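TrEMBL annotations:
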- 13-253: domain 'Xylose isomerase-like TIM barrel' (DOMAIN)
- E142: active site, proton donor/acceptor (ACT_SITE)
- E238: active site, proton donor/acceptor (ACT_SITE)
Amino acid sequence: MFQECSDLKDRYKAAKNAGFDAVECGNPYVESINELVRAKEDADVQQILINSFVGDTFIFLGDTKGLTAVPMQEEDFRQSLELSIKYAEALKCKRIHTPCGAMSKEEAQIPEVKQRWESTYIRNLRYAAERLKQVGIMLLIEPVTTIPNCFLTRTDQAIDIIKKVDHHNIKLLLDLFHAQRGHGNLTQTLTDYMPYIGHIQISQVPSRHEPDSDGEINYPFIFHTIAKLGYKGWIGCEYTPRGKTEDGLRWLAPYRV
């Protein structure tokens, strides 16, 4: 959202002007910590979520889209996590999502390789959950369906991983766009896994536009379901506007507190 802004710092102000009290950011690392903190404080918004650093400061990963499950990169993952913590603490952000990474097409066909990725993923998540606990930040993992051969693609797979990690400081980031594309049945998914959910993101399927655009998901019903289930967390607008961001916010009016 707010891609019409000239840079990330301007998007904080634009979000506030549009009526948002909180923001999330996938890649805050394009700006210095001091500049980003100043933009956030000037806009008077909360930073709810950031992704962990997956850039090329430590290693070039091509299209792997993350470090957390990539074998033989544990030290790089830990270094990236420390940078992420610095940003999160400065921004007073209490949630970090650590992208898992993606296998090559060939790797994805080999059971032994997939098992190695899972073992690495669980080991790194245990480390991250405990490390983030020390600084009061919640660890999130997200199934993603748009990256070829992404290691984590389904909600039930994510829940299985969370159970294997067996740490109270890890939760599910449930992006309803990916959940619908991956398996559908969103009402049952929300009902079954609500205790594991630490953050929710929304967009329409298949367009990834505003929730009131044409598509597969009945968002008024979904929002009612989320409220009925007692969810008290934030819902992030992880969508690409059809036009100017503010012009597509009419859907939000009934849900403003």
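First residue shown is number 1, and so on along the chain.
Cβ atoms here come from the backbone N, Cα and C positions, even for glycine.
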*What residues, ordered by sequence, lie under 8 A Cβ-to-Cβ from E238 (active site, proton donor/acceptor) and sit at least six positions away in the same chain?*
E24, D175, F177, Q201, I202, S203
*Cβ neighbours within the same chain of E142 (active site, proton donor/acceptor) - under 8 Å, at least six residues apart*: H97, P99, L152, A158, L172, L173, L174, D175, H178
